[in-house]
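Database features (TrEMBL):
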ACT_SITE  ASP316  active site, proton acceptor
BINDING   LYS21, SER22, ARG26, SER166, GLN168, ASP316, LYS343  3-phosphoshikimate binding site
BINDING   LYS21, GLY94, ARG122, GLN168, ARG347, ARG390  phosphoenolpyruvate binding site
DOMAIN    6-424  domain 'Enolpyruvate transferase'
Amino acid sequence: MVYQVNPAKKISGEIKVPGDKSISHRSLILSSIAEGESEIEGLLEAEDCLSTMGIMRDLGIEIEKKAKERYTVKGKGLDGLEEADDVLDCGNSGTSMRLLAGLLASQDFYSVLTGDHSLRKRPMQRIIGPLSKMGAEIWSRRNGLAPLSINGQELSSMEYKLPVASAQLKSSILLASLKTKSETVIIEPAVSRDHTERMLKGAGIDLEIKADRIILKEAAKRKLNPFKIKVPGDISSAAFFIAAGLLAESGELLIKNVGINETRSGFLEVVEAMNGNLELLNRKEQGGEPTADILVKASKLKGCEVSGEIIPRLIDEIPIISVMAVMAEGKTIIKDAEELRVKETDRIKAVVNEFEKLGIEIKENKDGMEIIGIQTVEGGIEVDSYHDHRIAMSLAVLALNTEKGITINGSEIISTSFPNFKELLLEVVK
Ligand code: S3P
């Protein structure tokens, strides 16, 4: 789908972004294995989460839509899932595949997980390796690629040091460990999003976090209590509007009810380092997660370095940070972000290629990129989404700051995480 985005000088208004994608996936999965009925409000009704929902239904779970973004899930406990009679399709969603592989590895039945052409190229060995150490039987195509074929087994617990700071990997192991009896210890090289830990604890699981260690305590038989959750707005979706508001010549934008969990909010720290004018108002706690309304004002940004421990806390925001860097005075360096190469697409390559098409000077490094701003971007050409929602939305925000606008091909992929992105953008452009 071709998407034309025209330049804009003023961004203002008040908006709400859809529910957090990571929390939505986890709400669906954990409520399915809880004992009784859970209620989810504010669920992200986007393709990635609908893939998880479809799979939980295929595994015999009753999920009922009560109203827009409101669902009840009749959880059947840790032993209540049933074998599906077909392959389970994760679509474009790495979170679905990695988390569900962990869950299904310990079930007493056979499952096959597959996904779209992008997901079938993403590394799954990172979960197959540790899950196999626990006794899981998982087959993949050569090089650890999906489809994954899983012959569910009784697993044993382990102590495992993650080779990469990945919340998907950590969550996959935690889900696989729920049916083991002894203690599981996961050691993180750097903090990554902790929604699984928060939700498991909230559902009554004995989990302890001690510095870089996540300890699932020994238990004769674990059980999850059903829960009610209100999913906060997704900071990774809000980031596109924060950037649009900061880069505009004028205007004030209020984004209501955004999750600001510090394992996710590295982007806000970068905005501050870049001199962005942003205020957090009305701080609250919702669904076990901190939230705030974010007030963004047009700003004169300066470049900065983004590297080290902050990377996993803003990993999905790096494409939009690279857009901000083009319009920021001075040098921005993004390092230690090699993980970007194995996201929905190689996000370093995608940004570099499309920026170069637009005449933007950018240096590609193995683990990131360097951009010196401020650069004037003429636009007036077509660019590509690389079948990656965050690349498409980043290019849309860049387009607002060009002289002639940009045409983005393959924009339908935006609906994997942010179905009403285009409507909201039109609403705030003044
Ligand atoms: C996610 C974790 C991150 C992130 C992805 C969602 C999650 O991936 O990029 O969009 O919900 O756990 P990694 O854990 O592979 O870094």
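From the backbone N, Cα and C atoms, a Cβ is placed for every residue, glycine too.
Overlay of TrEMBL feature records on the structure.
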| residue | record | contacts (Cβ under 8 Å, 6+ apart) |
| --- | --- | --- |
| LYS21 | 3-phosphoshikimate binding site | LEU44, ALA46, ASP48, CYS49, THR95, ASP234, SER236, SER237, SER417 |
| SER22 | 3-phosphoshikimate binding site | THR95, ALA167, ARG193, HIS195, ASP234, ARG264 |
| ARG26 | 3-phosphoshikimate binding site | LEU99, SER171, HIS195, THR196, MET199 |
| GLY94 | phosphoenolpyruvate binding site | LEU119, ARG122, GLN168, LYS343, GLU344 |
| SER166 | 3-phosphoshikimate binding site | ARG126, SER192, PRO312, GLU339 |
| ASP316 | active site, proton acceptor | SER236, ALA239, LYS343, ARG390 |
| ARG347 | phosphoenolpyruvate binding site | ILE318, PRO319, LEU340, ARG341, ASP388, ARG390, ILE391 |
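Screening the binding-site residues SER22, ARG26, ARG122, SER166, ARG347, ARG390 for a C-beta under 6 A from any atom of ligand 1 leaves SER22, SER166. Across the domain 'Enolpyruvate transferase' (6-424), mean pLDDT in this model comes to 98. For LYS343 (3-phosphoshikimate binding site), the number of other Cβ atoms no farther than 10 Å from its own Cβ, over all displayed protein chains, is 21.
Residues LYS21, GLY94, ARG122, GLN168, ARG347, ARG390, recorded as binding phosphoenolpyruvate, reach a greatest CA to CA spacing of 19 Å. Note on the binding-site residues ARG122, ARG390: the fewest other CB atoms within 10 A surround the CB of ARG122.
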